[in-house]
Amino acid sequence: MRRDYIDIGYSPKETDLVCEFHIEPTAGVNFEEAATHLAGESSIDSWTEIATLSPELAEKLKPHVFYADEGAQTVRVAYSEELFELGSVPQVLSAVAGNILSMKIVDNVRLQDIAFPKSMINEFKGPNFGLPGIRKLVGVQDRPLIGTIVKPKVGLNSEKHAEVAYNSFVGGCDLVKDDENLSDQKFNSFEKRAELTLKLAEKAESETGEKKMYLCNVTAPTCREMIRRMNFLKDLGASYVMVDIVPAGWTAIQTLREEAEDAGLALHAHRCMHSAYTRNPRHGISMLVVAKLCRLIGLDQLHIGTVVGKMHGEKHEVLNLRDQCVLDKVPADESQHILAQDWRGLKPMFPVASGGLAPTMIPDLYSIFGKDVIMQFGGGIHAHPMGTVAGATACRQALEASLEGISLQDYAKNHKELETALGKWLKK
């Protein structure tokens, strides 16, 4: 292992990819040695001296540890763009979040953030629709969107699934999606479910005068089957597909993004399984990195947490994810381990707040996120005492109250669906 990777005076070039890591050296290893091994293992080096690594090549491609704070257990490393296949998320992660997570020389390593250079951003298309395109697709410009997940998660047959979706639509939902673990099971086949639900979505549009979007899950065993399912939806007249981004894998997601553009379909990203490597604050990969990769690849909307619901995520973490979704230029924030990122005009993603939400939480959601959020409810709609239609209606009523600055209690006086929801979910 070379010893010249510590380069505190180095100023990253515009073409460098920069990463921030949290590192905890194992007992008996000093901080600088751990940082050196991390930088080398994630780029050009190995555990011992390599005869095939010429001085010229090493000087050209070596990483630069330009920031090291032992007290904060933080290092920043600048990598030459030549180390990467610029349009490949799997290759980038294999380098900066690959073997380094398994090294014995450190007890914990966490990739906190990646700042992508212009050359890499230019290799990606970003979202095809993005936030503005989704608003145009749905025909709603001035309020949050209301969505739901068909519940129960699994077990309904295709006919019942479509009926629950229809009731959600006529009650006021803009979007209805499959649950993340529903794909093509025997009790509810993908093709039959898609046909029936899209037909009832069209019926709900004609009855309500609003656009209604069904987000059918195309996550599949192979990329070939995933694309076949996507094209099946396209032929049925769908506008959307959803995909479980972590179980599917980054190669599958990049493939889907390319094919979805040709098909003219928007992409909804469900982040299930992300906590396997994002939740531990000392080891793995941050959700911030996952969100940035999603925008880079070009997903149109992404689950980011709720602050007020059942999912893990502090308010500042969720809002940092929101910023990476919607801002064109994200400023650096050392206290939050955020590197400056210029998205260079890539379209913003639509943030999705989902997980343990009820209509009573809508004022808080609106206060936290503003209008540019998709508020997505599961049990908060389908557990309404008056049924799914009333549950969706209660959500729209709560949103209308929030937009007008009226308390839910006052608005509920003339809206029985909301009044019933308050009786069930409002904390006494």
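Numbers run from 1 along the shown chain.
Glycine is treated like the rest: Cβ placed from N, Cα and C.
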LYS153, ARG271, SER354, GLY355, GLY356, GLN376, PHE377, GLY378, GLY379 show up in Swiss-Prot as binding substrate; which entry in HIS303, HIS337, HIS415 does that record put in the same site?
HIS303
Listed recorded positions are LYS151, LYS177, ASP179, GLU180, HIS270; which of them have CA atoms within 10 A of the CA of HIS303 (substrate binding site)?
HIS270
Tell me, which recorded positions from ASP179, GLU180, HIS270, GLY355, GLN376, GLY378 are within 10 Å of LYS151 (active site, proton acceptor) if we use the C-alpha atoms?
ASP179, GLY378
Residues LYS153, ARG271, HIS303, SER354, GLY355, GLY356, GLN376, PHE377, GLY378, GLY379 [recorded substrate binders]: greatest CA to CA distance in Å:
19
Where LYS177 (Mg(2+) binding site) and GLY355 (substrate binding site) are concerned, what is their Cα separation in Å, rounded?
13
Between GLY378 (substrate binding site) and HIS270 (active site, proton acceptor), the C-alpha gap once rounded to whole angstrom
14
Sequence-distant neighbours of HIS270 (active site, proton acceptor) in its chain (C-beta under 8 A, six or more apart):
LYS177, GLU180, ASN217, MET242, VAL243, ASP244, ILE245, HIS303
Spacing of the two Cα atoms, ASP179 (Mg(2+) binding site) and GLY355 (substrate binding site), in whole angstrom, works out to 12
